[in-house]
Amino acid sequence: MSLPNSSCLLEDKMCEGNKTTMASPQLMPLVVVLSTICLVTVGLNLLVLYAVRSERKLHTVGNLYIVSLSVADLIVGAVVMPMNILYLLMSKWSLGRPLCLFWLSMDYVASTASIFSVFILCIDRYRSVQQPLRYLKYRTKTRASATILGAWFLSFLWVIPILGWNHFMQQTSVRREDKCETDFYDVTWFKVMTAIINFYLPTLLMLWFYAKIYKAVRQHCQHRELINRSLPSFSEIKLRPENPKGDAKKPGKESPWEVLKRKPKDAGGGSVLKSPSQTPKEMKSPVVFSQEDDREVDKLYCFPLDIVHMQAAAEGSSRDYVAVNRSHGQLKTDEQGLNTHGASEISEDQMLGDSQSFSRTDSDTTTETAPGKGKLRSGSNTGLDYIKFTWKRLRSHSRQYVSGLHMNRERKAAKQLGFIMAAFILCWIPYFIFFMVIAFCKNCCNEHLHMFTIWLGYINSTLNPLIYPLCNENFKKTFKRILHIRS
């Protein structure tokens, strides 16, 4: 996955003493292990690509970068690893110069593309967290695809020095036909410069970006926690009836519900509110949660004013609540408590569209009673105020709920990126530390340690597809469906 990669093991003069006999018995257990890693790498990355292709929920902009990373890892597992194993079994390269150049090109290109894929994935997560609204308009599949193509184009620039080094630079050493090596294998300044550009600089930038992402997500979570303490949940936004035990209340401390329930008297001493036997009619003031295409997602209807009288006053029940019945689109009194199931069924995909708005369609509020039952007077301003108060709290909580879903998604994405970066750095930093040492100390090469660091870097291509289902529920479900694994 690096610029100066696995080929250094067999190409550099500093590791010139690395010789193995053909099919040595001591190498066979190692070959079996490395071949298993190779097969697992290919299988897992093919599984990732098939999962993204077959599952619509995975057709997101962010997963385009995952696809790019999987393609690079697939090349490592399908081309680079097998030829490295083959070269390990041979005492010299006997497959010809063209095949050698092909292997070196795939090694350098795939390694660089893997690094750049992680890098642009990190930038995407950073902008999604730091500039959510501005980046939302910019974050399209077309732009993401163009960015990925740009990363691969830069990676393919490695073909130029691999195939044409002698056309641009003077040859300083004699090429050895029995070894597969680049023409710049002994050019220390070039290898150090490319190592810095390909690994050290992107890694430092990714660490800086991820520190910013972690800080932003943490601040958002803390902010949301403070908001949640001051806002009721959906289950708490319900109209509580009067205490059936008749607990005494201090003057001036009556709740809006109690004020609403108190029967005002008209001039004749009669009750303004109608009797419990009267059938209430719903107040036509729908609240519409709408998306950009004006598709109606859900409706919550305000309760009718004449429900205020309630059976609670007539029957003495303390369990009468006003509940939203989503299936009929109207309010019903439910003796089991407030039904919030309809609100909780709004899926995250519905609530988290690229652009959402909350709009309220107000109409003239009219309440009628059945013929001969009398009419509700306009003296229920207190009740209407309580309706408005409840609606404002509900709408405020709904916005925070949507914001919470968005932050949960970003937090999961940040977690996934964190695991990918951790695996990337832990797998490749040993190789690059060792590489910088032997770049300046040609006699400091230990062939076994060098080989270990190279294959540790290759194992990063095996670990990446294991990280996705661990951090993404959609990947996990899709993998289980494809592999026919029952939960």
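Using N, Cα and C of the backbone, Cβ positions are placed for all residues, glycine too.
Quick look at what Swiss-Prot lists:
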COMPBIAS  238-261  compositional bias 'Basic and acidic residues'
COMPBIAS  353-369  compositional bias 'Polar residues'
CARBOHYD  N5  N-linked glycosylation site
CARBOHYD  N18  N-linked glycosylation site
TOPO_DOM  1-29  topological domain 'Extracellular'
TOPO_DOM  51-64  topological domain 'Cytoplasmic'
TOPO_DOM  90-97  topological domain 'Extracellular'
TOPO_DOM  124-144  topological domain 'Cytoplasmic'
TOPO_DOM  165-188  topological domain 'Extracellular'
TOPO_DOM  212-416  topological domain 'Cytoplasmic'
TOPO_DOM  441-446  topological domain 'Extracellular'
TOPO_DOM  470-487  topological domain 'Cytoplasmic'
TRANSMEM  30-50  transmembrane segment
TRANSMEM  65-89  transmembrane segment
TRANSMEM  98-123  transmembrane segment
TRANSMEM  145-164  transmembrane segment
TRANSMEM  189-211  transmembrane segment
TRANSMEM  417-440  transmembrane segment
TRANSMEM  447-469  transmembrane segment
Do at least three C-beta pairs under 8 angstroms join the transmembrane segment (98-123) to the transmembrane segment (417-440), pairs 6 or more apart in sequence? yes
The recorded stretch from 30-50, 145-164, 447-469 sharing the largest number of CB pairs under 8 A with the transmembrane segment (65-89) is 30-50
Spatial neighbours of the topological domain 'Cytoplasmic' (470-487) not adjacent in sequence (6+ beyond its ends, CB under 8 Å) are 47-48, 50-51, 54-55, 57-58, 412, 415-416, 419
Restricting to the same chain and to residues at least six past its boundaries, which positions have a Cβ under 8 Å from a Cβ of the topological domain 'Cytoplasmic' (51-64)? 121, 124-125, 128, 139-141, 144-145, 148, 349, 413, 474-475, 478-479, 482
Per-region confidence, the topological domain 'Cytoplasmic' (124-144) (mean pLDDT, whole number): 87
The topological domain 'Extracellular' (165-188), counted residue by residue under DSSP: helix, strand, coil: 5 helix, 0 strand, 19 coil
